[in-house]
Amino acid sequence: MSTEKDYVVADIGLADFGRKEITIAETEMPGLMSCRAEFGEAKPLKGARITGSLHMTIQTAVLIETLVALGAEVRWASCNIFSTQDHAAAAIAAAGVPVFAIKGESLEDYWVYTDKIFQWADGGLSNMILDDGGDATMYILLGARAEAGEDVLSNPHSEEEEILFAQIKKRLAASPGWFTKQRDAIKGVTEETTTGVNRLYQLSQKGLLPFPAINVNDSVTKSKFDNKYGCKESLVDGIRRGTDVMMAGKVAVVCGYGDVGKGSAASLSGAGARVKVTEADPICALQAAMDGYEVVLLEDVVSSADIFITTTGNKDVIRIDHMRQMKDMAIVGNIGHFDNEIEVAALRNLKWTNVKPQVDLIEFPKGNRIILLSEGRLLNLGNATGHPSFVMSASFTNQTLAQIELFTKPGQYENKVYILPKHLDEKVARLHLDKLGVKLTQLSEEQAAYIGVKPQGPFKSDHYRY
């Protein structure tokens, strides 16, 4: 492990390999490269000190270097202990950006690294957060609440919360008052994923959100592309790399049929699996049924299916009682943000055999075994390398525009959660059309007036669902 200077990566010697893959990814990320061309000279992020907590992949490296090209200073950690690509982290560290990320890092190190991305060499403070899942934001807000005398650290509900609370207490002891100062210095946060967005909305509803936030996840060019088309390619990739199992003919259960569930079901179906769906929402259940999937109760298929994938963003979706009933060598994995969709903690007292990194064989007393991927964390990033560069370009272009929006317009946004305006959503889509050879039909003035839009757009109302 290399710990010199202001970074922690697995092997700085991987930097050249990482740089080669970054160069390839740049050709597949036209949105980010267009942002560099459009904003690089003006440097709208000059003065921004961005704390980034997002999967440290090759694609994220292109995002980081785009933010730097636009004038920002950046410190970065991964938002998942298994999602880092070590050569990507090495390349970014070698380029002079402080990064703290190792594939397979411990939970203790994860929260130490989350603390480090707020610790600037000159003792200054971050003024922007770019988050995925909300951990960096929650770290600061929990610490500030503790400094205010609230009893928020005395009752951890999980092993991870216990570790998080210990790290907060360590920083409280070392730097009294720091959390409050850091919270007050933040101009805004941009949030990448459904889980983190839900956290922000809950804070906003309670009046506890201390700075403006942009919900990047619900930009159409994020949720309808990254969540759906990204999962459509990366889920099966992760299962194959982890298990080498043939999916054709297997029975696969997808828990949840939101955008991630839709992409996951399509991924498995495209590989030849016979897909069944579980769903609590009647609208999503009807969509699944009309897309041709059998919508079932998990309890009715748990002993007969071969593959189980959670996509819900909820907790305890697959519980230990379910896993006890699974057939021998059933594959269990998650593609939602956190690891609590599968009741992994309840499996810890069973016999675990590590097959290879992020693949574990867990044996129940009656002799049946399950294959657990990435310990219940994101299997497409733990067992594979996540979504392809092209679809991540759309997501990360939204992130870049959102960072510019909040940083350059202080005072224009209240302490609420916002979505990028429709014209920017359409702009992100436009930036990716040439790469695919797409030609847009041009509306005449008369046609545009007939449907109540401008010929150049936006073409849909904010409530249009796509």
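A Cβ is built for glycine as well, from the same backbone N, Cα and C atoms used for every other residue.
Residues annotated as substrate binding site in Swiss-Prot: Thr57, Asp132, Glu192, Lys222, Asp226. Residues or ranges marked as NAD(+) binding site in Swiss-Prot: 193-195, Asn227, 256-261, Glu279, Asn314, 335-337, Asn380.
Mapped onto this structure are the features recorded in Swiss-Prot.
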residue	record	Cβ neighbours (10 Å)
Thr57	substrate binding site	25
Glu192	substrate binding site	27
Thr193	NAD(+) binding site	27
Thr195	NAD(+) binding site	18
Lys222	substrate binding site	27
Gly256	NAD(+) binding site	27
Gly258	NAD(+) binding site	20
Val260	NAD(+) binding site	28
Ile335	NAD(+) binding site	30
His337	NAD(+) binding site	23
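In terms of C-alpha distance, the listed binding-site residues Thr57, Asp132, Glu192, Lys222, Asp226 place Asp226 closest to Val260 (NAD(+) binding site). Taking Thr193, Thr195, Gly256, Gly258, Ile335 as the binding-site residues under consideration, the smallest Cα distance to Lys222 (substrate binding site) is found for Thr193.
Glu279 (NAD(+) binding site) is 21 Å away from Asp226 (substrate binding site) when you measure Cα to Cα. Taken residue by residue with DSSP, Thr195 (NAD(+) binding site) is part of a helix. Under the DSSP three-state reduction, Lys222 (substrate binding site) is assigned to helix. Residues near Glu279 (NAD(+) binding site) in space but far in sequence (CB under 8 A, at least 6 apart, same chain), listed by position: Gly256, Tyr257, Gly261, Ala285, Ala288, Val295. When the Cα positions of Thr57, Asp132, Glu192, Lys222, Asp226 are compared pair by pair, the longest gap among these substrate-binding residues is 17 Å.
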